[in-house]
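Report on the structure given below.
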Amino acid sequence: MTDTLNRETIVNISLAFLLLAAPMLALALDEPFYISLATKVAILSLAGVGLNLALGYGGMISFGHAAFFGVGGYVAGISAHHMFEGSDFLGLFAATDQLLLIWPMAIILCGGLAILIGLFSLRTTGVYFIMITLAFAQMIYYLGISIPTYGGEDGLPIYVRNQLPVVSSDDPLTFFLVCYALLMGGIFLSSRIIGSRFGAALQTARMNEVRLATVGIAPFPVKLTGFVLSAMITGLAGALFAELNGFVGPSMLSWHRSGEIMIFVILGGVGRLYGPLAGAALFILLEFFIGGFTDRWQFFLGLILLGVVLFAKGGLMGLIAGRARHD
Amino acid sequence: MTSAFVIEQILNGVQFGVMLFLMAAGLTLVFGVMGLINLAHGSLYMIGAFVCAWVSGWIGSFWIGLVAGLLAAAAVGALMEILVIRRLYQRDHLDQVLATFAMILIFSEGTRWLFGDQPLWLDIPQLLSGAVDLPFGVSYPLYRLAIILVGVALAIGLYMLITKTRLGMQIRAGESDREMIGALGINIATLYTVVFALGAALAGVAGSFVGALQSVQVGMGEPVLILAFVVIVIGGIGSIEGALVASVLVGLVDTLGRVFLPQFFALFMEPSAATSVGSALSSTSIYILMAIVLIWKPKGLFAAHD
Amino acid sequence: MTETLLEIKGLRKSFGALKATDDVNLDVQAGEIHALIGPNGAGKSTLIGQIAGGLKPDEGQIRFLNRDVIPLSVAKRARMGLGRSFQISSLAMEVSALKNVILAVQAREGSSFKFWKQVRSDQGLMDEAMIQLERVGLADSARTVTSELSHGQRRQLEVACALALKPKLLLLDEPMAGLGAGGSQRLTEFLESLKAEVGILLIEHDMDAVFQLADRISVLVYGRVIETGTVDQIRQSAQVREAYLGEEE
């Protein structure tokens, strides 16, 4: 048991270190493109860390997390849009370009949305839950398409990246470090939550709801809270993603995006703290490097993913760090 | 707005629903019998369409193309089941999602490799071109009418197969009790391959027919797959009747919403705003329908178990 | 004067044409072990399910601690002091025995909506959970993953979880099954010692244990209570012999 624990800790530290070292190396080699690739890995990992809380620990297989990812992105995009135009939001609120205000707004809005979606969706279970979360995400997607003020189908460009106090968010390395810090913060927060009393209740909800109710804990509020926390983290990742790309559009809300975030989590290892990082890193690197060799990269990516599912139970973390530890 | 126009749109909705049923039937059978979520079901639809279009273009007969599309989809389905899918029955849904997602990538890119990046076009067969006159002054394309008839015939055939034949009895036994069919001495592995290939063949037929109505291209399977999932969830997973009812319901809501919602909003909104709100709402309508059904009946309209 | 913990009146529940619970009247007093016996399929587990809250009765009353509990959820009834074990164990299988009990202790102690403090550094929680495991004789298996416990051990673990709730009333659904003779005898003695602390409604097929433990016995046949009485009354009841004991001989 202890060996497995140590091995997983070593793998985790290595992953965290590699992600931090990659852009430094890129800078030294004067290949700035890799900084943005590493930033993308950090942000999408954070989105996966959010989903993992619901899916991996709470057993709620959400196929609609793009709703939160995209809404987070739109908060950043809409702020930048009004700031650029010098207009007010709905003619009521003054625009801001301060990320320290934008992030909490994205988080709170996604939390509120998750309460609404969760209240309805958590009445269902299994495949029905997968599909009803998809349904709600699709509704948000078409809402995104139908608001011409914010770009409709074309999306919204972010001409000027929103700002942080003291440091410059425009500098690629600084922006990477900010995203990296938020990713590590997200992982740390997850680990605290999972180890807490709430975490024990949430994981029991996944394993056996009857058990949870039998000891006197109502499952519904536990699951709803887990779902909301999960959505908040993914929403923050969405806000960062929009800033990185200088763009937010309906594609951030699409079901492809929900599927992709889910793939990161499963590929990395469901219910493993660093699983989303392992999964997102592998997926994005494969996409990038195979894409460098051949236009048919999707074919080979598919084969590799298939190989991982068939031959590595428990995803990448299961493969390199052994079985999940439950004591 | 004439009654002929309304009837025509209703027929369009039914035609769309019937196509969805051919997709959904395979998905719901595979889920009901084997407990498998197959995201790559849309790829089988795409393969049917490509093979049909390619063979039709080569030989010059839609009908031979149709048979080829059906057989190709069934063959690929059987192969897929034997090589990969049967390793996934004992896994949880998440592994199934990842594996079948990987297969979408493989099939999509593989199809592009074989058939090139350009979409293919498939002509409506001579026999079914033109329109027929129906009562109430409706003139309706013969091809679409034929799709409805073929779809209904296949639905009836599937119903007969499941309720009246030995294979159907085995399938029903598999849905209710997996150990039971083993105990009855039925070869489960073969049964599963047959069920999977049957679902694949239906998807291939759907793809072949739809190929003549739209361009045949990579990626055509995924939107239909999502809709087919919506259908089986509304109908109740594992229920063929449910899939049929829900298919037609979804087909009608989607088609009629697309036509009439913008007109409805135009009654009290500016035309451009009405178009955008109406079309957005109509795209959302089936998802709203699904959410309402699930909130009302968390296991779908024809819940198979409890 | 003893206190009435549980009072059931005119309870009915049907599944289609099957009357699983048919006009059942039953009560459990404080300090009492009330055994519920009857042939398989008599509706014993269905009755427990209605008392605990997983199943909704069609008709009738269930009063626990003088309160109508039918509108209350399973979780609310558990918090009022209703502990139970299942005929087919229902535990968190992927985690250790200790964690299962910790969850119960945490639920009784208060809120599960604490997000920061780590359970594993909460010594009070762990100690209390260990005490309950020791009581049922599972201390040595505290760190064993639940899915690796034997069926008998899982039943004992369920009893430990139920006790951790400091319940007023325990509903035990065949706790002796799978224990073996020695285990049954130990559990019988243990349940005897619990009597002062908690009332027990006991479903059990082990007749030696039932006759040794029960203050009163109710006999359930086809959803109906055909007789309630002391051990001697039940032994002598012609009706019970005919309907139930007769079948076994």
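Yeah, the Cβs are placed from backbone N, Cα and C, and that goes for glycine too.
Since this is a predicted model, take the numbers as computed values, not measurements.
As recorded in TrEMBL:
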type: TRANSMEM; residues: A:9-27; note: transmembrane segment
type: TRANSMEM; residues: A:33-55; note: transmembrane segment
type: TRANSMEM; residues: A:62-80; note: transmembrane segment
type: TRANSMEM; residues: A:100-120; note: transmembrane segment
type: TRANSMEM; residues: A:127-147; note: transmembrane segment
type: TRANSMEM; residues: A:173-194; note: transmembrane segment
type: TRANSMEM; residues: A:215-241; note: transmembrane segment
type: TRANSMEM; residues: A:261-286; note: transmembrane segment
type: TRANSMEM; residues: A:298-321; note: transmembrane segment
Apart from its near flanks, which chain residues at least 6 from the ends of the transmembrane segment (A:215-241) lie with a Cβ under 8 angstroms of it?
40, 43-44, 46-47, 49-55, 57-58, 60, 62, 65, 68-76, 102-103, 106-111, 113-115, 117-119, 121-122, 179, 182, 186, 189-190, 193, 198, 201-202, 204-205, 209, 252, 261
Segment-segment contact (the transmembrane segment (A:33-55); the transmembrane segment (A:127-147)) at 3 or more Cβ pairs under 8 Å:
no
Counting Cβ pairs under 8 Å to the transmembrane segment (A:100-120), which of A:9-27, A:62-80, A:127-147, A:173-194, A:261-286 comes out on top?
A:62-80
Cβ contacts under 8 Å made by the transmembrane segment (A:127-147) with residues that lie 6+ beyond its boundaries:
60-67, 70-71, 74, 113, 117, 120-121, 153, 249-250, 253-255, 258
